[in-house]
Amino acid sequence: MNEEEHNKSVHWSIVYRQLGNLLEQYEVEIARLKSQLVLEKKLRIQVEKELESVKTKQISSSASSKVSSNTIQELDSTTDEDEIPGSDTVDEEDPSLNAPFSEKNQSVKIPPHSPTLPVQNASAFVKPISVPLGNVKEEKFLDTNPIGAESFESSDGEMHLRARSPEDMILLRETQPLAPLDINTLGVSDNRQKKGTEKKRPFEPEFLNDDVIRGNKRKALPAYECPDCQKFYELHGPVKESSVAPTWNDENRLGGGSLPNCKHQPLVQKVGRHRKLNIPKPIPNGFWESDFVD
């Protein structure tokens, strides 16, 4: 068994040699295929050139055949026009054509005229000419206006303006354009309010300090001291609880007595203390000073 396995095994040098031979064969085959590709490309270029030359020849031959056919048709038409019956008689010169103008006028006799009546014996020298209606061509009247060529290209607005008087034309051209302007091209928005389309919005206060909060909610608000109110209190001094500002009313005037103390008077001592949801900004220094500058 060992001898059989030894015989089946192949040395690595033999395998290496076989692989080298295969690689050489592949390289030779690749070189052969590349040479075939080069030859095929050359043949393809030659065939394309031959096809282009054949196409140009066909185009030139077709153009020459068309030109020759047109010339033949023109020659046929000219020969048909020359072979008109009675053309030999036309070539003969008419002796009356070469006659002078005075001799031609002598053959025409002018009938006598009367001062009040129309021409007499007009049928003697005027021959009625009968022309078939089919041969008469109706000619359209041409526009004698110097701007007639431009009138076909003008707009409807300009045609309406031309029908007006010159004075109206001047006023219209000075006050308004020839055509209405488009608002979208001017970049101006249409600010006209549409009635009934806008819904009524709920009222929203413009200022933050307009809200009024009372009761227990007011106690929960943050307290702050206003320096301006405190300064006002210091300048005017505290108001005594026992004293009340005199008021000139009917009771004082008649009875001469003094009014009882007001229950809101102790609150004056707490001036400068505030409670608000949104604390306002402080007033700048010197805002309330009204002294005249020297």
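In case you wondered, yes, glycine gets a Cβ from its N, Cα and C as well.
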Query raised in the report: Looking at T89, T116, which one is marked phosphothreonine in Swiss-Prot?
Result: T89
Requested in this report: Can you dig through Swiss-Prot and tell me which residue of S53, S65, S87 is labelled phosphoserine?
Outcome: S87
Requested in this report: Can you dig through Swiss-Prot and tell me which residue of S60, S69, S77, S107 is labelled phosphoserine?
Outcome: S77
**Report entry** Position flagged as phosphoserine [Swiss-Prot], chosen from S62, S68, S154
**Finding:** S154
Query raised in the report: Tally of helix, strand and coil residues over the compositional bias 'Low complexity' (56-69) according to DSSP?
Result: 14 helix, 0 strand, 0 coil
